[in-house]
Amino acid sequence: MPPARYEAPYGGTAGGGGGQQQRNTYQPPADNNYYYNNGTQGMPGVSVGRRGTTLGRAPTRRIVPGANSIANASSNIQRGRTLIRPDRYQEPPPLLTGKPTVSQNLFDPWVLLSRMVTFWALPPMLKAFKMGDSSMQQAWREKMTLCFIIACMGGFVAFITIGLNAVLCPTDQSINQQTYFTYNDTNSANLLGILGWQFNISESTSTILDFNRFAQIPGTDITNYFIHGQALPDCTHTGNAIASTFAAIQFNPCSAGTCTAGHLTANRFETLGIHNSTKQVGFDWDQLALSNLTNYLVIDGNVLNMDPYIQYYPDPIPGDTLDTLIRNLLASTWPKGGRDGTKLFFRKPEYRASVNCLVQKYRAGHIDKKTTGCFVASIILICSLAIVLAIVLARFFMALIFSWFISRKLARTPPPVASTSLLGKNEMEMSNMADSGLVRKVEVGNDLYAVMLITCYSENTEGIRGTVESLSMTDYPDDRKLLFVIADGIITGHGETLSTPEMCLSLITFDDESQKNPEPMEYIAVAVGAKQHNCAKVYAGFYVCKGHKVPMILVVKSGNPDEQGKPKPGNRGKRDSQLILMNFFSRVTYNDRMTPLDYELFRKIQYLMGVTPDYFELVLMVDADTKVYTSSMRLLVNCMVNDNLIMGLCGETKIANKRDSWVTAIQVYEYFISHHLAKGFEAVFGGVTCLPGCFCMYRLKARKGDGDWVPIITKPEIVQEYSSNTIDTLHQKNLLLLGEDRFLTTLMLRNFPFRKMVFTPQAICKTVVPDEFKVLLSQRRRWINSTIHNLFELVLVRNLCGTFCFSMQFVVMMDLVGTLTLPVAIVLTVVLIVSMAKTQITSISAAIPLILLIIVLFSPALLILITTRKWVYLTWMIIYLFALPIWNFVLPVYAFWHFDDFSWGETRKVEGETKEDHSKKDGVFDPSKVPLKRWEDYERKRVRTNKRRERNKRQMNELNQDDDSVSQTSYMIDISSHPPPAHYFDPSKEAPARAGSGYYPTYRPQSVAPPR
């Protein structure tokens, strides 16, 4: 008989739901019988339980009431209503198969650019440096290209900061407060101008001139009281015959007899008690419009005082074109002053030849306005500083607003809600309804069902036990939380005597001894080649601690048969551990085909919790070296209940070993500001860009209306992209092999840009950080590289909050640029500090860079004092500031140079570990080794197996009654091929039972095994 054919799971011929599907005779496959024969061992009392709706009014499995549900089991299991809306149809994600990955196209722009930058590195040369694999060579080329781009960006930042001013505003054009004292400036008291230079008269006692009267207007020109302008070389030899005939050139300023103070000599200045301040007299264009400066004009920036010339020649001089030009300029009027004759004086040769003589004879000062180049350079610098300062201040004040107002509102206790159920309308339970057609629904309320995922690799027993115990002790109902521990392979940590699975197994208390030896179940792992085939054992029990008895699932990845005896069998990485959970709940949500491991998880979760897995709405992800505060779980769930748009959130991570060494001490302040400043700012807009994998919570699905659901982390697009095993480029490897936690956050923001990712500072955990510098170096290499590549992804998301420069996308771009230019920034900071120490600051504009530096470095300290009032953090801040060269130079440069290193390095070393990643292909994966079936197919097989066992047992009992002469030995031989059932299927025991906490589960399995 051919295998059964079923209609499309999300509509298809069913027309989007509502209609009954065609029921066909089901013929189970002949292989994988060991799973059904052994998978039910030790699952007492677990029978056909509820398998309700998950997405909208999604497919529901139910047993049609009949006289004998077991007898009619082969035809009773059927699908209920499918998706209620056809527009919500979701294509099931393509399965990860063993097909070889397609190499990159040579003409891909990024690949082409990397080859152009590294054209000089020929393949034979790379092979000589132990890079024989083409993927290794390409990764190296991409690394060098990224380093080249980073160097260019660093050079550009350095040029904007230092070089731009030197190019646009050279030293000879630079005009600043150190060169000029402004005319009529009260700060320039006791200063008078002589030939454009400011002279200090404060010590003068001379009676020849009344200096104090002139000094009432600082900078007043008194040149005309000294003998000057006679026998000047530039006046007697102008180089132009016409110029030498002009009256302004031949004029002697002392002709009127006003030069009573003597010659302009150093001895004369000393006699008068005045001395040169070495500063020039500076005028601005507005001042040249003053009534007392009507005879002042400007040539090439030089201000000329034509008072003696106009007084000596009050009327125009016939035939003197230069005189006409001067009088026309002085007669012109400008709204903001002016009288600039530069263009007119350089138009004709005779006028141009007169300029030097006029400047030496009549000069009274200089325009202190910047040239065009200096002005442009200053505008660029000010705009850059303003943008940086605006971002810094915005981060500060937004973080302050979040800490004072928003965070407390999010974490408050939600009000009681009316009785709710996870079942939608028109849905039926999967319990036996022969005796009663009534079904009780589970009351959920505000205590949402939550999975607490703990991923373990090479941690020690104390670390794992501390994490599990802290989660068990949280003030959240034990029957609403499920410990979900995953041991990533048969791993023994460095210096440990027990393997990680043995450590985890020692924490479980089994109600049934048969649960101690489960069979390994196949699943499709996130790997390449034969390693896609993996097996895992599922242990179901409880963690008992101080009055708490919390359901606990332990998944031990044990590897496929070919891996046994090799180092780290079953190890596939943290991303694979997360995807075991994500794939499972995604398949539960969409009624997709399940692997044997998925079905095993389904039954054992139902066995422990008394409800089917589609009741779960939240998943808390915690690393195995993290301890969670007692109130944290409740606070995180409160946030989820208070705002249904929140799809993910994290709490504050504090350091447990902050005083172990100087390496841990420099991390305390960095951890604090990364949460309260960075995440606090991002949380205001609901766009936290990184939820740390050590302590964060996601929604599995979000409620929408009455009985409707929106898949969140279980959305097929997210699961599909996160489970990608085609990792060809350096960018993909940094995303998926090093920064999986941050990439998951990026995927969530990209798929749900209008939902929220927030930060809850009230929820706190403590973790152990590296206490050796080599371990910190390895950890930050992974973090920095993954941060850069994730920011590359986020900067392309157009739907983030805000617009243009006032958007999260712009902030992400600035974060990306800031991360890439950290080494250059710290060098420029040192240069700034040194230059400021050598320079006397005389104006606010000169102090702007220093002010900005102080704000950037110390504004977080102000945030600490305002929000926490913990002065001890000021000490940690000082330690952090001393370590700035490490944070901003050593760690980034090391990370940049190791872009092509995808190993975990010194972090969490294990025995027998080699420097490799999970992207290396080993063999070919055969998809037929991992069966994929729907839940009803697995359940139908299990029901038939139970039915067969009961029939065999009944026949054996009848045979014993008819023939008493049959020996016990013969009896045992006869039934050896038909072993007794692992447990009995008793429909009467499937009636709903009341739980101790007051809610009503659809199905409560027995907690002890029935008699065999």
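Including glycine, each Cβ sits where the backbone N, Cα and C put it.
The annotation domain 'Chitin synthase 4-like' is assigned in TrEMBL to 281-366.
Residues annotated as region 'Disordered' in TrEMBL: 1-53 (among others).
What TrEMBL records for 946-1012 (among others) is region 'Disordered'.
For 146-168 (among others), the entry in TrEMBL reads transmembrane segment. Non-local neighbours of the transmembrane segment (146-168) in the same chain are 117, 373-374, 376-378, 380-381, 384, 730, 817, 820-821, 823-825, 827-828, 831, 896-897, 899; each lies 6+ residues outside the stretch with a CB under 8 Å from one of its CB atoms.
Feature annotation from TrEMBL assigns transmembrane segment to 375-406 (among others).
Residues or ranges marked as transmembrane segment in TrEMBL: 816-834 (among others).
The annotation transmembrane segment is assigned in TrEMBL to 846-867 (among others).
Long-range contacts of the transmembrane segment (873-899) within its own chain (CB-CB distance under 8 A, at least 6 residues past either end) are made by residues 139, 142-143, 146-147, 150, 658, 665-666, 668-670, 672, 730, 734, 776-777, 780-781, 784-785, 819, 822-823, 825-827, 829, 857, 860-861, 864-865. The transmembrane segment annotation in TrEMBL covers 873-899 (among others).
Remark: secondary structure over the domain 'Chitin synthase 4-like' (281-366) totals 41 helix, 16 strand, 29 coil, with classes taken from DSSP. Residues 160-161, 164-165, 167-169, 676-678, 680-681, 683-684, 759, 761, 805, 811, 814, 848-849, 852, 855-856, 859-860, 862-863, 866-867 of the same chain sit 6 or more residues outside the transmembrane segment (375-406) yet have a Cβ under 8 Å from a Cβ within it.
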